[in-house]
Amino acid sequence: MPTDLHAWNALLRHHDTLRDAQMRDWFDREGAQRVAQCSLEAAGLYLDYSKNRITPQTMSLLMQLAAEAGVTRRRDAMFAGEHINTTEDRAVLHVALRAPAGAAFKVDGEAVVPAIHQVLARMRDFSARVRSGAWKGATGERITDVINIGIGGSDLGPRMVCRALSHLADADGHAAPRMHFVSNVDGTDLAETLVRLDPQRTLVIVCSKTFTTLETMANARSARAWFVASGVAEQDLAKHFVAVSTNTEAVREFGIDPANMFEFWDWIGGRFSLWSSVGLSITLAVGFDAFSDLLAGGHAMDEHFRTAPLERNMPVILGMLGVWYRNFWNLPTSCMAPYSTSLELFPAFLQQLEMESNGKSVQLDGQRIRTHTSPVVWGTAGTNGQHAYFQQIHQGSQVVPVDFVAPLVPPRRLPGHHAKLLANCFAQAEALMRGRSADELRASGLKDEVRIAHMVFDGNRPSNTLLMEDLTPNVLGALIALYEHRTFVQGVVWRINSFDQWGVELGKILARPIEAELTGTATGQHDASTAALIARARAVLKAGAAS
């Protein structure tokens, strides 16, 4: 149990000494020295973690905890291709996907980098053909729209990257196709996408590891029916469909030529898969060179994580700060606030990455864990969040650690805008740390004590600030890899498997017979609430079918 470790118990005692300490006092005493001690750069990212409820002793104890928990040993096992995903008996080697051609990564004794780069070469050639107009639809039309059909890791990661790098869509001189992402089995998602498109100019990527994912295959079948209804012959569907999968036979049975299938491997978890052929949509959206730079940025962060000492290791520092707040301050949520509209989907991506990885209550040895694991992760882009939930972050009864992320140069420039954006980002972090006291309000001339009470900001609320010079594919890759490794570090400390997701399985199993009940006459065994919901829905569905 992590709670049995010496450093864990030392941190419990240390936490008691900091309960009433104020960050503003530390800044008043230490000034620039504190910032120098609590900041570092790696792979194009600058991290300032000085606005945290930490002292040098805190960080020393957190690094001791990381060492005692085996972060270094577990990290090295991951990079060595060991089967650290124990419940599925698989290696976890997404880091190999972004390694250069000469790198040596093996799974079960087999070198995997050559196969990875063969797939990358196919992705490069295919994306070049589509973006240049050489790939034609059934009637010889150029492809102007691409739909990525997938869910979870087959959607969130590629969608986030395509949004973040949309300013580079035409950077290689080609007119990029418009990108559309469909994930929800709710037919509205697909229908509202198709209604805007010309089937003769549309290409569909069906993205599913097993090619059996319920939502993805339902949407894929409906998309195929749309093409056929528009006059595209079955034999011509190959010009409008490609697959990203590990299941060649299922791809063939669906009607997609296996020659148009881009493979990946079962040692890649869905939420870590955007670096693989799952990122095919990224190559179509911004070009293969940008995708290659994304991989290089991720690899740069991998090398930092693999080689930097714990106390100067950015993923380790962020991971251990997360443990500090979750387990010693008992804070149940954390907020991601990117001050960049281009990064507006990053909080949703991070939500899946952290909560699906570390939302566990059982240790690797099968024992129930005796402490908290993943916080609830949420957030939106700034400055929008300031006019929604920042009231709670500043004055609510629950402290919420915040990660601010901002590019110093905007992807798209309008005079005067970016200075305002950055000013708000830095001001929010400062206000969270420093707060505003009753005495300061009185000194400003306020005399109404009731109003003063409402205007007091306690401050002492923690945040990290991550800056990048500008939002390039390279630095975006580093940012994503940073949070991947941060999540991994926390999972090691909690002694959980961050690479399975059994919690999503039971609902899928129960949904199958319920669907049959909704569309037929069968009646299953359910609790009274679920039975009543099924009966109500079935009555409405039958009435609609009869009308």
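Glycine is no exception: its Cβ is also placed from the backbone N, Cα and C atoms.
Quick look at what Swiss-Prot lists:
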{"type": "ACT_SITE", "residues": "Glu356", "note": "active site, proton donor"}
{"type": "ACT_SITE", "residues": "His387", "note": "active site"}
{"type": "ACT_SITE", "residues": "Lys508", "note": "active site"}
**Item:** In the chain carrying Lys508 (active site), residues 6 or more apart in sequence that have Cβ under 8 angstroms from it
**Value:** Leu214
**Message:** Tell me the Cα distance separating Glu356 (active site, proton donor) from His387 (active site), rounded to the nearest angstrom.
**Reply:** 29
**Message:** Under 8 Å between C-beta atoms and at least six apart in sequence, can you list the same-chain neighbours of the residue listed as 'active site, proton donor', or say none if there are none?
**Reply:** Gly152, Arg271, Gln501, Gly503, Val504
**Prompt:** Taking the Cβ of His387 (active site) as the centre, how many other Cβ atoms fall within a 10 Å radius?
**Reply:** 9
